[in-house]
Amino acid sequence: MAAATMALSSSSFAGKAVKLSPSSSEITGNGKVTMRKTVTKAKPLSSGSPWYGPDRVKYLGPFSGESPSYLTGEFPGDYGWDTAGLSADPETFAKNRELEVIHCRWAMLGALGCVFPELLARNGVKFGEAVWFKAGSQIFSEGGLDYLGNPSLVHAQSILAIWACQVVLMGAVEGYRVAGGPLGEVVDPLYPGGSFDPLGLAEDPEAFAELKVKHIKNGRLAMFSMFGFFVQAIVTGKGPLENLADHLADPVNNNAWSYATNFVPGK
């Protein structure tokens, strides 16, 4: 029998029956019981969501014009803009979408890592070097570089040691995500959930859909922020918070335009 209805005759459960669904249990001919995991189908999003569907928010609002036919508003962050036609091919679009989401996450972590040590240093926490693009040079100092300032964790005086640690730390997480977790239970490697969602933020489908939009929007801002940090480091040789403090102290002489004019030929 593929499914069975078992009447429980104990005194505490008299008169009650438990039905084992074929999707959750099977009784084979040799008496073994096999269990299968059932996946609950997500509820469809409400048609009133401003971020999805044909009536979603567009990149120029009411002046956006008609979106390309392949941008249907199915995915978060789709504002109907693809001038270069990068999303026309479904396979290319899927690949680029994954690349964007992953780069968004690294950029958000990177932007936090660029600002937070400098913020702590300005509030009395001692660092060997708090400015993000100067921190790596500590491996060439006499004392080397200690992870988290603790010499008992990783004491590095070699670029290869730093590289190896990054490969292990970053590669392990990415490998875990792409492989679908330790048991291969992850359905969507872009939004794996499970161990990656300990707070259960993805349990409600509508709230999760909105979080995806916030996630991609903040990630795009973070990528622009990282680009700005790179340019600031090259032009001013200072960290982002120091540049901000200089601008607030003297906005007339410390701004993008004043630095750009320094590169005018003949000046």
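Every residue gets a Cβ built from N, Cα and C, even glycine.
Keep in mind it's a predicted model, so treat the numbers as computed, not measured.
What Swiss-Prot annotates here:
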- Thr38: phosphothreonine (MOD_RES)
- Tyr59: chlorophyll b 1 binding site (BINDING)
- 101-121: transmembrane segment (TRANSMEM)
- 153-173: transmembrane segment (TRANSMEM)
- Gln166, Arg177: chlorophyll b 4 binding site (BINDING)
- Asn218: chlorophyll a 4 binding site (BINDING)
- 221-241: transmembrane segment (TRANSMEM)
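On the structure: features taken from Swiss-Prot.
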residue : record                       : CB count, 10 Å
Tyr59   : chlorophyll b 1 binding site : 13
Gln166  : chlorophyll b 4 binding site : 10
Arg177  : chlorophyll b 4 binding site : 17
Asn218  : chlorophyll a 4 binding site : 16
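Sequence-remote contacts of a segment are chain residues at least 6 beyond its ends whose Cβ falls under 8 Å from one of its Cβ atoms, and for the transmembrane segment (153-173) they are 136, 139-140, 144-147. Comparing Cα positions, Asn218 (chlorophyll a 4 binding site) lies closest to Tyr59 out of the binding-site residues Tyr59, Gln166, Arg177. A coil conformation is recorded for the residue listed as 'chlorophyll b 1 binding site' in the three-state DSSP classification, outside any helix or strand.
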